[in-house]
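J.: To start, I am sharing the structure in question, which I have written as structure tokens.
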Amino acid sequence: RESDHRAWTPVTYTVTRQNATIQGLIQGKAYFFRIAAENIIGMGPFTETTKEILIRDPITVPDRPEDLEVKAVTKNSVTLTWNPPKYNGGSDITMYVLESRLIGKDKFHKVTKEKMLDRKFTVEGLKEGDTYEYRVSACNIVGQGKPSFCTKPITCKDELAPPTLDLDFRDKLIVRVGEAFSLTGRYSGKPAPKVTWLKDDIVLKEDDRIKIKTTPTTLCLGILKSVREDTGKYCVTVENSTGSRKGFCQVNVVDRPSPPVGPVIFDEVFKDHMVVSWKPPLDDGGSEITNYIIEKKDTHKDLWMPVTSSTVKTTCKIPKLLEGREYQIRIYAENLYGISDPLISDEMKAKDRFRVPDAPEQPIVKDVTKDSAVVVWNKPYDGGKPITNYIVEKKETMATRWVKATKDPIFPGTKFKVPDLLEGCQYEFRVSAENEIGVGDPSPPSKPIFARDPIAKPSPPVNPEAVDKTKNSVDLSWQPPRHDGNGKIIGYLIEYQKVGDEEWKQANLTADSCPETNYKVTGLTEGLTYKFRVKAVNAAGESDPAHVPDPVEVKDRLEPPELILDANMAREQHIKAGDTLRLSAVIKGVPFPKVTWKKEDREVSPKADIEVTGVGSKLEIRNTVHEDGGMYSLTVENPAGSKTVSVKVVVLDKPGPPRNLNVSDVRSDSCYLTWMEPEDDGGSVITNYVVERKDVASAQWVAISSSSKKRSHMAKYLMEGTQYLFRVAAENQYGRGPYVETLKPIKAIDPLHPPGPPKNLHHVDVDKTEVSLVWNRPDRDGGAEITGYLVEYQEDGAEEWTKFQTVPMLDCVVTGL
């Protein structure tokens, strides 16, 4: 039990030995223990410890101290440090004992004072050049523990150590103007280093604002009330005989910018807005300019009005000005740290400083043709703004209204080809210049010009030839000259020369008597041979002559007929009924042949229009019907021969009526229709037949099939006893033909057949001259009510049956036997 409790706690296990280990006790607490023996019969009395037992680890001497190090050595002293032992033996360390041994001696000698608890000690009064080793022990109330491991042998002499530098600041430092800042750090080195501060490679010295403080181990540079000029690269140098170390810091002392650099330049001034520009501040305050703030003020008022605070450019448009008022502009620069003092402009009046361009000088016109002319001018003064367009106008000299030569801009060239002139008209031209202010005054008009081509003599006619001749004339033909000399061809002069003569004779006296490119030279002598030539004439004169290549003998010419068929004279011509039939051909032959049109070797229909010209013939039939189809022939004939061509014309029309409409297999609800195809299919394949029916009591026909391709149809769904008419029409791609109709009504009833034989005929009574007969009805009545029964008899052995009578009932008495 715990000494301050009364309750006993059993140990958790039973021991059979005479010792036990009790666990789970709390360090620092006092306990009593008791023990009893136990056998089969029971447990004996407890024996108790006489006094309380305090639970704690047993106390020993401390472990050896750790990390004994030599920190400094001079010619007559050694400084050592160490760390406590890992275990103090269960009791606090009361003191440390430092011992030394001179190398070459056997014993260690104590060098520390009594009761030394510091873990650093400097051994002094040593002899320069001697070599020692050191060890240290810890003591507690039990005694002195084991000594630490010995140091390496240490020789007494002055020690050298290169400088070290440990800085408290980073590479960059930003400071607001007016604030103080300091650069601090620690240093070491043997011998003691020299500390130097520099700014931008210039040594710093103390003054009212700059404070430098250096101790054997620390260094500090402080600057009070910093200014922009304190910005720079700061350097601290720590140097002794063994070397040097440097530390750097870029200090940026920031402030709001200085004002923008003036003067404010008015780049553009108009009646309602201005464009101003300026230069950036000389000092941006150590931080990039983020924006400019621009304000305007009417000089008659004291109120500054904001224009913008978001521009980053050094130019700005000042809008919404009142014409004639004077304005001042002020501009601030802004960075992250504030807004500069303003730059204020001079006063400037809001009015247009620029004007429209001057009028150009009188333009010059050149390269005139019948429909165009090139206008050339010099650039006028632009009114202070660049010219953006020229406007060229034209007018006929006698007119009053000027018209723009083009809607498109003309720039930057100073010449323009004016199109669309009317040949022969006299024109003047003028030019205006335009800038962004507007259109200036027009130039003086140019000298008047006529729109016409410069004229030269034409080139000779092309390919003259003799195209026909008779016994006293020759027909010539040619093509116009390749070049008309820019003048209208008035006509042609034709000359001829008898072969063997030197003189050329004129066939026509003036060119305008032959304006076309053909001419008939008459009055020639039959049998003689002639040469011919042609000249073209315009206002400038006659061209060189063009000669017909070969001499021509004057005599009548025979050429057999020739037919050149048009496309509508192909072997087969299909046209739709109602359209116009046109057949035509070009006809040649000398003399011109006689023309004959026929259809199926007979005269063509009187409704046909036939036209014959000197070069061909045309047959035309309007509103064609199917009967206009057939084989058409065209015959041409002259003394030199004849020629015939034929074309089959098919007039495509609706088909004719179907043939032989027949009704069969009549039933009470259906009948079967059959027919034959029309004699005339209209020139196109029959696509389908339309079948209709009509109750004779009704006026309305009802379609019962409109798509049948067969020539038969089962008419279903008839009303029994009703009389019907039927009709059928054929259809092709050109329409539906006429109907063919049944000649008489068809009654919807089942067909009648003879009834079946009566059944079970037998006699029921017999007399000497008569027999009583009875029978049953037959199985089938043949489709109609039985009206009676015919009774016949036959004498045995005879061949003929003798009719007795027809009775309505199922019995009969045959008499007269």
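Any Cβ shown, glycine's included, is placed from N, Cα and C.
Quick paste from TrEMBL:
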- 1-58: domain 'Fibronectin type-III' (DOMAIN)
- 64-159: domain 'Fibronectin type-III' (DOMAIN)
- 163-252: domain 'Ig-like' (DOMAIN)
- 259-353: domain 'Fibronectin type-III' (DOMAIN)
- 359-454: domain 'Fibronectin type-III' (DOMAIN)
- 455-480: region 'Disordered' (REGION)
- 460-557: domain 'Fibronectin type-III' (DOMAIN)
- 561-646: domain 'Ig-like' (DOMAIN)
- 657-751: domain 'Fibronectin type-III' (DOMAIN)
- 757-817: domain 'Fibronectin type-III' (DOMAIN)
J.: With Cβ-Cβ distances below 8 Å as the criterion, list the same-chain residues six or more beyond the ends of the region 'Disordered' (455-480) that contact it, or say none.
T.: 486-487, 489, 492, 494, 496, 517-526, 530, 532-549, 552-557, 590
J.: Can you break down the domain 'Fibronectin type-III' (359-454) into helix, strand and coil residue counts using DSSP?
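T.: Going by DSSP assignments, the domain 'Fibronectin type-III' (359-454) contains 0 helix, 34 strand, 62 coil.
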J.: What average pLDDT does the predicted model assign to the domain 'Fibronectin type-III' (64-159)?
T.: 88
J.: DSSP-wise, what's the residue breakdown of the domain 'Fibronectin type-III' (460-557) into helix, strand and coil?
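T.: Tallying H, G and I as helix, E and B as strand, the rest coil: 3 helix, 44 strand, 51 coil.
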